Amino acid sequence: MAQPDSKKIFFENLSGAGKAIAVLTSGGDAQGMNAAVRAVVRMGLYVGAKVYFIHEGYQGMVDGGENIKEASWESVSSMLQVGGTVIGSARCKEFRSHEGRLKAANNLVKRGITNLCVIGGDGSLTGANLFREEWSGLLGELVEQGSIDADSVQKYSALHIVGMVGSIDNDFCGTDMTIGTDSALHRIIEVVDAIMTTAQSHQRTFVLEVMGRHCGYLALVSALACGADWVLIPEMPPEDGWEDKMCQKLSANRAGMKRLNIIIVAEGAIDRNNKPITTEFIKDLVVKCLGFDTRVTILGHVQRGGTPSAFDRILASRMGVEAVLALLETTANTPACVVSLCGNQSVRLPLMECVQMTQEVQKAMDEKRFEEAVKLRGRSFVNNLKTYKLLAHRKPESELPISNFNVAVLNVGAPAAGMNAAVRSAVRVGISEGHKMFAVSDGFEGFYKGQIKEIKWADVGGWTGQGGSLLGTKRTLPAKHVDKIAEQMRMHNINALLVIGGFEALLSLLELLTARGKYDEFCVPMVMVPATVSNNVPGSDLSIGADTALNAITTTCDRIKQSASGTKRRVFIIETMGGYCGYLATVGGLAAGADAAYIYEEPFDIRDLQANVEHLTEKMKTSIQRGLVLRNENSNENYTTDFIYQLYTEEGKGVFDCRKNVLGHMQQGGAPSPFDRNFGTKISAKAMQWISKKLVETFRHGRVFANTEDSCCLLGMRRRALVFQPVVQLKDDTDFVHRIPKEQWWLKLRPLMKILAKYKTSYDVSDSGQLEHVVRNRPKELDASVAM
């Protein structure tokens, strides 16, 4: 194994020896909490600390006894895929009293615990901070009572707190996504997709109530993900007279041959006078005004249940490791912090700053300052609301700007879930901006054959939940047919191109850029939105379709591992897609709890394979019953999936047996995940707005003429920012032979996967979160939160 460079440090430098860390889950449960607990336990043990479970949240801390147990490596096995929290959660009135906190302090000091990792909502984290502030006083009282001695006060003088936000509502300010939110969205979208089929059959209107007593995030994002006709949220109550407007909208949609209506209501939805808006009220309103057959579905606790999504497992695992690092680095003067996600980046934020801002949102709503409440929720929330309004409510023709520009949209490369959501978004935003939108079927192959037609607002209705590519997509590159493509551009007077696709889309734009020297028709604004399950496009950390593929891999691995329950010890060898890019194997491995993941980017030899087999053999001699090994399809031309399977089978004789599985094209199929629907919708909307801006900038003397490098771009997510990058500048960042970027952010997750699988490795802490302050309004370009 390569030695760490100066930025990487071994864990001896971050030793937890002599420290005791306790982890608890408090308040409402959320899918992914178990992944966070697992990561805290294993990372804590890895750095040499003692780690304790506190069962039943603060109640267990107050009661002590068997509720506070030392954790072992094996005690968190097989919990990654389990929903809820296996260590239990309870709301504790006693902890709110001084006497309760005194009992809790006594129970912690007896076990030498001075580091707490609290997973819960703002109430749980506020309680933890109060406990920390009172700690020295509580120890003084315990000495007076004779419960502890004076030496203990000196030895355990400071209590360190790090929080992780576990809440399906995503109602905590300072983080883009809380643990459990993505899984709750999965449950909602599964139900909405199922309801849509029955609603369509009977031409019904469905009113769905989703959770969110004080926060409309779930309602808003699910409405965006399914293309709901109307959404009601507490942060932005509808204007007076909304009842008539909603009924007009529903009626207009039915008149436009739409056979169903979906209305999504947050459970805390209110009107401008802070009066609740109930699902029954809406149902009665629709029946009375329109006579539509209307049904109500209240999702309730279904949203909290089920297995965590791939996103939540990865988020929770990253945050759990980050929490342990934060605890190791704290001093007596370090404020309690929360570890959270900003864009694609781990951050640490002062706990009370986040809590105060979260409370400000509720105060703003109570005082009817609704615009301010929306802004306080953060740029992600604001962006969701703007995009929903833009796509759901069509302006009358008389109010549309007249641009006289024609914009073509096409898919290029292999299909990816979420492509259709991106096309729908582009078409509707383009029409809203006054453009005439054209759809090109079958990529550049269809382009040169003239398979181009105008596409209207209603044509893309219901596209968000459809998998694959409804436009059709091919891998054909334009270079051989530039003359015919230029002719079609001229015939249809195409003034701009939006290309949605993978690596072939990047190659296509580079070829069209080169063709500008010969054909003026290509001197128009061109932008690419990355969409590929492989996530191998340079210039973007994420691609549309990759999250859906990860969920397919994770779900399949869960089932495969479960198939071995109750049998003898077994190791599964799983082959994933991705070409030469190891993203799916690595991140899928992290989400599924893999023991190893073989990829092209990290070369391996027979010695590494042998070491992995020996490592698994050692683990199998304990209580571990199942092993999981992932292999990227092109990781090595000689060490094939069959070879690795045969090697493991032979070397594991007498300890474990082996099975292999090639996942294949199931990773490309299926309905898009909520993440991919929303990422596709919003990144495509942003790309379309860029096109509108460029068309105005480059329109001179009665025509569009754009021949600068910055008029042919890729829109990608880089760390915390969404960035438009000229494709020509991405050449140096690209390995064209293997069709991958030269630098890939997710490689930093590989040591994390190895640590959680009990390997000795080095870890790059240069990228770990630094304590920042909560910013009310981030700069506009720092809007990577567009992803969700």
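Just so you know, glycine gets a Cβ as well, placed from its N, Cα and C.
Per TrEMBL, these features apply:
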- 1-393: region 'N-terminal catalytic PFK domain 1' (REGION)
- 21-326: domain 'Phosphofructokinase' (DOMAIN)
- G28, R91, C92, G121, D122, G123, S124: ATP binding site (BINDING)
- D122: Mg(2+) binding site (BINDING)
- S167, I168, D169, R204, M211, G212, R213, E267, R295, H301, V302, Q303, R304: substrate binding site (BINDING)
- D169: active site, proton acceptor (ACT_SITE)
- 406-788: region 'C-terminal regulatory PFK domain 2' (REGION)
- 406-691: domain 'Phosphofructokinase' (DOMAIN)
- R475, 532-536, R570, 577-579, E633, R659, 665-668, R739: beta-D-fructose 2,6-bisphosphate binding site (BINDING)
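Considering only the binding-site residues R91, R295, R475, R570, H665, the Cβ with the fewest other Cβ atoms within 10 Å is that of H665. Sequence-ordered, the extra residues of this chain that approach the ATP site, with Cβ no more than 8 Å from the Cβ center of G28, R91, C92, G121, D122, G123, S124, are S26, G27, G120, G127. Between G123 (ATP binding site) and M211 (substrate binding site), the C-alpha separation comes to 18 Å. Note on the binding-site residues G28, G121, G123, G579: the fewest other CB atoms within 10 A surround the CB of G123. A count of other CB atoms within 10 A of each Cβ picks out C92 as the most crowded of the binding-site residues C92, V302. The 10 Å shell around the Cβ of S124 (ATP binding site) contains 25 further Cβ atoms across the protein chains shown. When the C-alpha distances from R475 (beta-D-fructose 2,6-bisphosphate binding site) to the binding-site residues G28, C92, G121, S167 are tabulated, the minimum falls on S167. Sorting the binding-site residues S167, S534 by the number of other Cβ atoms within 10 Å puts S534 first. Take the CB of R304 (substrate binding site) and look out to 10 A: across all protein chains shown you find 19 other CB atoms. Of all the binding-site residues in the list D122, S167, V302, the shortest Cα-Cα distance to Q668 (beta-D-fructose 2,6-bisphosphate binding site) is found for V302.
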